[in-house]
Amino acid sequence: MLKYYILGGIVIVHLVVFGVMVMSPDDGMQAPEVASETVLEAAAPGAGAPLSPPEPPVPAGPVFTPFSPSYFTVSSRSLPKAVETRTGDIAAGAVVDLSSRTVYWGKHMLQAYPIASMTKMMTALLVVEDLHASEGRLTLETPVQVTVAASKIGGRQVWLDPRETLTIDELLKCVLIRSANDCAYLLGEFLSGSESAFVTRMNERAKALGCRQFVFHNTHGLPDNGRENLSSPVELAYLAGVLMDVPEIMRWTTVRRDAIREDKKILYLDTTNSLLGRCPGVNGMKTGVTNKAGHCITLTCDRDGRRLAVVVMGAANSKSRDALARELLEWGYAQN
């Protein structure tokens, strides 16, 4: 009889334990479910999580130290007699060590003279800065429809057709290799709504950079109703140093020949800088010529860890300009 009481008691105890488990679940058993819900909530779209991965940050353009009268140290040195004699045939010039910020030689280096197509150095800078500031809305591959106004710009050009479209990078290539006036005009018109609005910005940017001798009337450097774009040798050297830190620009200033319209009637773009590939380290920058400006060049070179800029303004012809620029460059690298 006692045996039955014991068995009955065991059954009752089991029933009680089972009832407790059903009616009052153990917190520890529920923890995995709670944890799972927490993970799902964290992963679900909502205030705490973006609907899509964030856009990568737009690379910021380089920050440049503004130009000022104390930006360069003037350390005037004597040129070789023969070279000094040849500098008598130009209007102005300078030899500047951009790495040490030292002016080795200058002639009327602080005075403003006509700069012709060296204008396009500032045009190109604004184009690239606009790309960086657009937060991805504009890229080098952005298409630009040619306008009738741009197609009518004369001088050195690529004969733009209003029926065609080129990318910003193609237009930059034409500006920096071939010195195409029509492409410089089109870029300014496209980015600011009109060339005149873009030119206003060019003048404002020059002042923001601390350059007081720059005066722009257009994007390309052709005479404008008798007016010429202006700058000084030292400010041109400074601007060249700025551009040497802009890869989108240096990509094309180093190229001797490229082309556009490869899928149609190809047009080859030959550089106006004959010292590219013929003088060690030369990587740019820009030539120019008008009747008032004469033959000009802002020459840049990166050699043996040193960056130099040579500016020659008002030469009689391109041959004498280039010969003198090369002599000044080699002399500059001999200084220390």
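From the backbone N, Cα and C atoms, a Cβ is placed for every residue, glycine too.
If you look up TrEMBL, you'll see 6-23 marked as transmembrane segment. Per TrEMBL, the feature domain 'Peptidase S11 D-alanyl-D-alanine carboxypeptidase A N-terminal' maps to 89-316. Per TrEMBL, active site, acyl-ester intermediate is recorded for Ser117. The active site, proton acceptor annotation in TrEMBL covers Lys120. Among the features that TrEMBL reports, active site is placed at Ser179. Per TrEMBL, the feature substrate binding site maps to Lys286.
On the structure: features taken from TrEMBL.
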| residue | record | CB count, 10 Å |
| --- | --- | --- |
| Ser117 | active site, acyl-ester intermediate | 26 |
| Lys120 | active site, proton acceptor | 28 |
| Ser179 | active site | 27 |
| Lys286 | substrate binding site | 28 |
- For the domain 'Peptidase S11 D-alanyl-D-alanine carboxypeptidase A N-terminal' (89-316), the averaged pLDDT of the predicted model is 98
- Rounded to the nearest Å, what's the C-alpha distance separating Lys286 (substrate binding site) and Ser117 (active site, acyl-ester intermediate)? Just drop the number here, would you? 7
- Query: How many whole Å apart are the CA atoms of Lys120 (active site, proton acceptor) and the residue listed as 'active site'?
  - Reply: 8
- Distance between Ser179 (active site) and Ser117 (active site, acyl-ester intermediate) at the Cα atoms, whole Å? 7
